[in-house]
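S.K.: Sharing a structure, written as structure tokens. Questions coming.
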Amino acid sequence: MTSWKEQHLLQHIVGHNSSVNAVAFSPDGKKFISGSTDQTIRIWNAQTGEATGRILQGHSEAVTCIAFSPDGEKIVSGSWDETVRIWNVETGETITGPLLGHSHCIGSVAFSADGNRIISSSLDHIIKIWDAKTGSIIGNSLNARENHFPVHILSSSFSPNCKKAVARATDTTLMIWNTETGRPIGDVIKGHTDYIITFSFSPDGQKIVSGSSDKTIRIWNAETGKPIGVPLLGHSDQVASVTFSPDSKRILSGSVDKSIKVWNAEIEKVVNDQLYPGHSHRVSSVVFSPDGKKIASGSFDNTIRIWDSETGESIGNPLHGHSNWIKSVAFSPDGTKLASGSFDKTIRLWDVQTGHTIGFPLKLEKKQAARSWICSVTFSPNGKQLASAGTTTMINIWNVETGKHICAPLKGHSNKVISLAFSPDSKRLVSGSADQSLRLWNTSNGTVIGGPLKSHSLGIISIAFSPNGKRIATGSFDQSIRVFD
């Protein structure tokens, strides 16, 4: 049997007399098409690599993007000549077009799932939707500049039901649009004056809380992206960790100023400013227990503390064991265990009742451990798995009962993985990285099931699923929060 590499070498296909800018397979995989700076489109037999049919000619400048219709009978193309054309695959003739309306190079074209519509985006900051049969424009053009998205659009695509369109821009941001009204759905969430370090959804899914280097905490409407109330002021340095209580009524924050604060989320005020003293270095991670009665905090003083969330008093002694900074702590879903990740390159499990460690520290493979600090640990909602990530590009998923890896380390990111979150059903894990991308993983076998999705212009440092598992929110060094369906 011929290897993939050998097949690739055998099919060195030559035909265009200038650079090839776009290629696309037909839905049945039997053909593929290519668009070139030589202003032509060619159709090829995917098995033999031979040209089939006639050369598609009509564009007066370079062909920049191409796509097949879902039934494989039509091709749509975009060009530097600012036009869109629809072609018959069998005859090579133009069916519809040139479609006029854009004032700059066409960056992307795509058919809708039913084949009845075409979406095009251009460097003119406009997205247009066309009737695939008549070539007429459907509805209003989606104007990025008018909707505070003042960057060139690189690509766009339909949602499966055609009611939404997603656009990706040159600053790696995304915006979701209503295709019927031409208006964006929600906003890119901005408001902090310095980068966002941490954020979390409320358990009821209605709010998002964020903490920033600007020393403030902000609460947002998760549906609209609009701020709720005023910024919460009280910390004297960066806010390193924030989370809601299980009943969504309180907010817990930890700061570089060494303090922990509990806020009333409904009136935006600190419950008691004098509680939770004890850490001698920055508080890097804070979390409520599942019943809301306890708080755990991890610090750069190498200790973990457990607190009574009502009285603010310490429960037991500080937990000692790590030999370097604590970067992340997490309660198990039943509240009986606590996991911690440290710059000492280990993960530890603790018995919340006794404060003793459970089993041996979880250690990375030697090649990973040589260069990896643990920056994030999180339990799956079913309590059976623990995910960890650090200063390498790999993610580890552990069996909580045995302390063994469930699957091989997850590889795909090109920079360190900073944040992790399980879906509510424990079947998916989403990761955010310094490479600015999100990836979605199958937790049983470690395979990628979504992404990479690049939505921020800087690294993603906080990530969360909504309670129903249908949305993912991300926070970034670029000072924005984004919410994805």
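Cβ atoms are placed via backbone N, Cα and C, with glycine included.
Sharing the feature lines straight out of TrEMBL:
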REPEAT    13-54  repeat 'WD'
REPEAT    56-97  repeat 'WD'
REPEAT    99-140  repeat 'WD'
REPEAT    189-230  repeat 'WD'
REPEAT    232-273  repeat 'WD'
REPEAT    276-317  repeat 'WD'
REPEAT    319-360  repeat 'WD'
REPEAT    367-408  repeat 'WD'
REPEAT    410-451  repeat 'WD'
REPEAT    453-485  repeat 'WD'
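Mind mapping these onto the model and telling me what they sit next to?
M.R.: For the repeat 'WD' (13-54), residue counts in helix, strand and coil come to 0 helix, 22 strand, 20 coil, using DSSP.
Sequence-remote contacts of a segment are chain residues at least 6 beyond its ends whose Cβ falls under 8 Å from one of its Cβ atoms, and for the repeat 'WD' (56-97) they are 18, 21-28, 31, 33-43, 103-111, 113-115, 118, 120, 122, 130, 132-135.
Mean pLDDT, taken over the repeat 'WD' (99-140), works out to 85 on the 0 to 100 scale.
Using a Cβ-Cβ cut-off under 8 Å and counting only residues 6 or more beyond its ends in the same chain, the repeat 'WD' (189-230) has close neighbours at 236-244, 246-248, 251, 253, 255, 263, 265, 268, 458, 461-462, 464-468, 471, 473, 475-483.
Within the same chain, residues 197-204, 206-207, 209-213, 215-219, 279-288, 290-292, 295, 297, 299, 307, 309, 312 sit at least 6 positions outside the repeat 'WD' (232-273) and bring their C-beta atoms closer than 8 Å to a C-beta of that stretch.
Under 8 Å from some Cβ of the repeat 'WD' (276-317) lie the Cβ atoms of residues 237, 240-247, 250, 252-262, 323-331, 333-335, 338, 340, 342, 350, 352, 355, all in the same chain and six or more residues away from its ends.
Non-local neighbours of the repeat 'WD' (319-360) in the same chain are 281, 284-291, 294, 296-300, 302-306, 369, 372-379, 381-383, 386, 388, 390, 398, 400, 403; each lies 6+ residues outside the stretch with a CB under 8 Å from one of its CB atoms.
Outside the repeat 'WD' (410-451) by six or more residues, the chain places 172, 375-382, 384-385, 387-397, 457-465, 467-469, 472, 474, 476, 484 with a CB less than 8 A from a CB of the stretch.
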